[in-house]
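One structure below.
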Amino acid sequence: VTAVVDIHCDLPLSNLHEHALTLEWPPHFKYYFSKGVHPHCAMDYNDEVHESLIQTMSHPSCVAWGECGLDYFKNDVSTHPTQRTVFARQLQAAVAAGKPIVIHTRSADEDTLRILREHVPRDHRMHVHCFTAGPVLAQALMAEWPNSYIGITGVVGYKGMDHVTHMLKSGEIPVGRLLLETDSPYMAPRSAYIWLRDTKPEISKKKLAVSHAGMIPFTAEHVMVHVNAGRGERGEPEMGLVEMLDVTRGNAAKMYGIDV
């Protein structure tokens, strides 16, 4: 790991990124961050928060706005109109600031796509994070925003993600538009538990406390299996794990405009 993009999206806003910048990182390691407000916090979004985010965008280590978006999975339906308003407001500000955007969308594909179409120029850079949405949103992102990327976390190996692995296999989500991410501290890859079972059986039944960047190869390997299944059916050359990691690392560099 040579660089990290640290996502800050809770309220109240904090200066944890300033603390992170004072830590003793390894030589040549690069710390970047993104800042926005998660839809879970939309009801507390106000002008003061908005202005603080705008000011933060000028920080030399701030490389994106977000995550921001819509989450209809757990939040009460009464919050949905405010979520949509706050999402649109953050998109407008991010575009005005020239910042790439990190998108959160869960159980809100239709409204997410509509609002993106209304507020995000076609050449803007976007990272749709922890992608669990359906093919309509994926296809629209790939076709309408050529600088958009789809983020895959360890959740891709969980139950209920067959629709995502199908899109990886079919090429609807091409590797050239793919990012691998942790969603730390959540979404530890299931294959990490298999590795623990084989190498450290004494702790293999314990729940992993956090997901972290060192687990990305587990997610990459899972993605690679499905990508290669589709490539094999189409008579295309398969990818190795190192190539998968190299390509997605390059995608991250392009998305965030960073050195990795």
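We count from 1, first residue shown onward.
Backbone N, Cα and C atoms are what each Cβ position is placed from, and that goes for glycine too.
Within 10 Å of the C-beta atom of Glu67 (divalent metal cation 1 binding site) sit 26 other C-beta atoms, taking all shown protein chains into account. If you look up TrEMBL, you'll see Glu67, Asp183 marked as divalent metal cation 1 binding site.
The divalent metal cation 2 binding site annotation in TrEMBL covers His104, His129. DSSP assigns His129 (divalent metal cation 2 binding site) to coil, not to a helix or a strand. Taking the Cβ of His129 (divalent metal cation 2 binding site) as centre and 10 Å as the limit, one finds 24 other Cβ atoms among all the protein chains shown.
Of all Cβ atoms in the protein chains displayed, 22 besides its own lie within 10 Å of the Cβ of His104 (divalent metal cation 2 binding site).
Here the Cα atom of His129 (divalent metal cation 2 binding site) is found 8 Å from that of Asp183 (divalent metal cation 1 binding site). In three-state terms derived from DSSP, His104 (divalent metal cation 2 binding site) belongs to an extended strand segment. Cα spacing between His104 (divalent metal cation 2 binding site) and Glu67 (divalent metal cation 1 binding site): 6 Å, rounded to the nearest whole number. Listed in sequence order, the residues of the same chain lying 6 or more apart from Asp183 (divalent metal cation 1 binding site) and placing their CB within less than 8 Å of its CB are His129, Cys130, Thr153, Gly154, Val155, Ser211.
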